[in-house]
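Working notes, structure below.
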Amino acid sequence: MIIVTGGAGMIGSNIVAALNAEGHDDILVVDDLTDGHKIANLADLSIADYLDKDDFLTRIEAGALGRIEAVFHQGACSTTTEWNGKFMMEVNFAYSKRLLHACQAPRVPFLYASSASVYGGGSEFREEPALERPLNVYAYSKKLFDDYVRRTVFDTDHSQVAGLRYFNVYGPREAHKGAMASVAFHLFNQVERGENPRLFGAYDGFGPGEQSRDFIHVGDVADVNLWLWKRGSSGIFNCGTGRAQPFRAIAETVIDTLGKGEIEFIPFPDHLKGSYQSFTQADMSRLRAAGYNGQFRTVETGVRDYVEWLKAQRSS
């Protein structure tokens, strides 16, 4: 059995889809379906079972789930604007620690979601503690778990443990995320409503729409997860493309693909000032050194593919 926590979420469901494509369907999805809209992400996928996240943790700690091939731990509170630190630490840190230890004794491969948000406002994006400066409680919860893994696992005899620091992920199966869905998703919907796509104006030394991130298609993220599992590599790895591109490039690709719209700039929101990453670009040296030679989609290619997927979903 393969377990995917957060399996009804964006990245988790795309990992399930990638596993299905390789012939795996003995998959246990773990999630919190209080928001039942996430079921749409699983409707076209093949899984063997589902467990609520709390029931699952009790059962795996008791050794009651039988033979497990791997755990892809994608479940988390990923709302970067959430400032309830108690809730965030319980969900992202305490839960992850318990699951990590439940996987160690039976030597179950454990691949988990970290985040590029741990780098905060820094200008270098390598997997080194000195470069990690989280700007919000979400980022801190992710950094703290990475530090815990470094301190308690990597210097011991351990089963595979791999953390993937996701940069800006976009692509299919993210509609349930609402405000936290990708910029590509929101710009597509704005244009489809007959509005102009809106981007932030000048901020933090960047011109209008020129704030830049390392945008990675969720299909490429799923590919990296499966490759690492098969490779058996342990460590903390950046998961981006290695190339920063401006938000303007996303808007231009949406406009070009849909054949309508004109970029409109809005003032940078006050509530994001001081906790916003204006630039990210993954240093991919560690993942490449581990042997990964897969290619990553550019914004122009990946966003075009995504917009076509969204159009097909609308018409179906």
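Glycine residues also receive a Cβ, built from the backbone N, Cα and C atoms like all the rest.
As annotated by Swiss-Prot, active site, proton acceptor applies to Tyr138, Lys177, with the evidence given as sequence analysis. Sequence annotations record features per position, and here Swiss-Prot assigns NADP(+) binding site to Met10, Ile11, Asp31, Asp32, Lys38, Lys53, Gln74, Gly75, Ala76, Cys77, Ser78, Lys142, Val169, Lys177. The substrate binding site feature in Swiss-Prot is assigned to Asn168, Ala179, His186, Phe200, Gly201, Ala202, Tyr203, Arg213, Tyr276; the stated evidence is sequence analysis.
Tyr276 (substrate binding site) falls outside any helix or strand according to DSSP and counts as coil. Tyr276 (substrate binding site) and Gln74 (NADP(+) binding site) have their C-alpha atoms 23 Å apart, to the nearest angstrom.
Within the set of binding-site residues (Gln74, Asn168), the lowest number of other Cβ atoms found within 10 Å of a Cβ is recorded at Asn168. Under 8 Å, Cβ to Cβ, and six or more positions away along its own chain, Ala76 (NADP(+) binding site) finds Gly6, Val91, Asn92, Ser96, Ala113, Lys142. The two recorded residues, Lys38 (NADP(+) binding site) and Asn168 (substrate binding site), show a Cα separation of 20 Å. Non-local neighbourhood of Gly201 (substrate binding site): Pro208, Gly209, Phe265, Ile266, Pro267, Phe268, each in the same chain, at least six residues away, with C-beta under 8 Å from its C-beta. Among the recorded positions Met10, Asp31, Tyr138, Val169, Tyr203, the ones whose Cα sits within 10 Å of the Cα of Lys177 (active site, proton acceptor) are Met10, in sequence order. Cα of Val169 (NADP(+) binding site) to Cα of His186 (substrate binding site): a distance of 13 Å. When Cα-Cα distances from Asn168 (substrate binding site) are compared across the recorded positions Met10, Asp31, Gln74, Tyr138, the shortest belongs to Met10. Here the Cα atom of Tyr203 (substrate binding site) is found 23 Å from that of Tyr138 (active site, proton acceptor).
Cβ packing within 10 Å was compared across the binding-site residues Met10, Val169, and the lowest neighbour count falls to Val169. The two recorded residues, Met10 (NADP(+) binding site) and His186 (substrate binding site), have Cα atoms 15 Å apart.
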